[in-house]
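> Questions regarding the structure given below will be posed in turn.
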């Protein structure tokens, strides 16, 4: 069984302003870097979780977070596109509250709308599922730290645990067995 620790990247420059990031390349803030350091030191002190490898999304905010983890945890790092954020198409760069008001959208994570060229949820789920299957074959019985994004973590828990955890805070992690 594959044990996975899913960590959301640290706070980014766009998180500060509640901008939809999607697949845009955005850097971490200093606060975001500290969030990741704290999470990694927490992982180091947790005797129940012995991470063996770090997997990261190719997006800058995740790679920047993963590089901090690699420095602290001294583990190999692998970049995989399967765990990149969902593309929010034309909504990327826009402020979440403004989108909600303008388009009467409650939950952007649930949005399936051709108007905005958003990646369909099923496409995201298929990509994540393929990635997790590959990890199970390549790294059986390992404990992997996956640095990824809010939507990816949300949908992994909904699909594999039937649990709606929503979007976890930046720099936090959750564990799951797959």
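Using the three backbone atoms N, Cα and C, a Cβ is placed for every residue, glycine included.
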> Given that TrEMBL annotates 8, 9, 10, 11, 12, 13, 14, 15 as binding substrate, state which candidate in 61, 71 belongs to that site as well.
61
> If you skip the near sequence neighbours and keep only those at least six away, which residues in the chain come within under 8 angstroms of residue 14 (substrate binding site), Cβ to Cβ?
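Residues satisfying the criterion: 20, 21, 24, 26, 93.
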> What's the CA-CA gap between residue 12 (substrate binding site) and residue 85 (active site, proton donor/acceptor) in angstrom, rounded?
14
> Using the alpha carbons only, what distance in Å do you get between residue 10 (substrate binding site) and residue 85 (active site, proton donor/acceptor) once rounded?
14
> Cβ within 8 angstroms of the Cβ centroid of 8, 9, 10, 11, 12, 13, 14, 15, 61: which residues besides those meet this for the substrate site?
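Here the nearby residues are 21, 26, 28, 29, 32, 170.
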> Indicate the candidate from 12, 61 with the smallest number of other Cβ atoms within 10 Å of its Cβ, considering only these binding-site residues.
12
> In the three-state scheme derived from DSSP, which category covers residue 14 (substrate binding site)?
helix
